[in-house]
Amino acid sequence: MLGNEYLIFVCSGLFTMFVWTQIFFFFAKTVNFVFGIKSQSQRTTQLQRQFFIAVCIQVALPFVVIMIPACYILSTIYSKNFDIAFTNFSVIMITSHGLFATILMLLIHKPYRTETLKILGIKKFYKSNKVAVVRMPPCATQN
């Protein structure tokens, strides 16, 4: 494979078509299920849709952060037109995927965001939900 870039692109292309076919199939089935279900309460359906949209945003992150720079790097291999600035930027984007995923998780999911703000001690952005604990006296057992 070192001397033949064509073989790399054929294998990568076939793999990409195979994977994306599966992704589109399961995504369409999931959208059909989530937005087609009517047997639950309206609030449950709304929460499921919000969660599904949040997960879709979270899954789209690797496409932007990893796939686009990876496609650029593959195209530079094929065209033999190396631009060191774009290549460095692509590598930086790919390696910072974990940082972007963490920030996106905190922005999308409220429970994670609230707990992180509590840990950091920033109280003006979250409401403190005090839970009242009611202690019941022990039951009197009959002998």
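Don't overthink the numbers, they just go from 1 along the chain as shown.
A Cβ is built for glycine as well, from the same backbone N, Cα and C atoms used for every other residue.
Residues annotated as transmembrane segment in TrEMBL: 6-31 (among others). Using a Cβ-Cβ cut-off under 8 Å and counting only residues 6 or more beyond its ends in the same chain, the transmembrane segment (6-31) has close neighbours at 52, 74, 77-78.
As annotated by TrEMBL, transmembrane segment applies to 51-78 (among others).
Under the heading transmembrane segment, TrEMBL lists 84-108 (among others). Nonlocal intrachain contacts for the transmembrane segment (84-108), taken as residues 6+ away from its ends with a CB within less than 8 angstroms of a stretch CB, comprise 54, 57-58, 61-62, 65-66, 68-70, 72-73, 76, 116.
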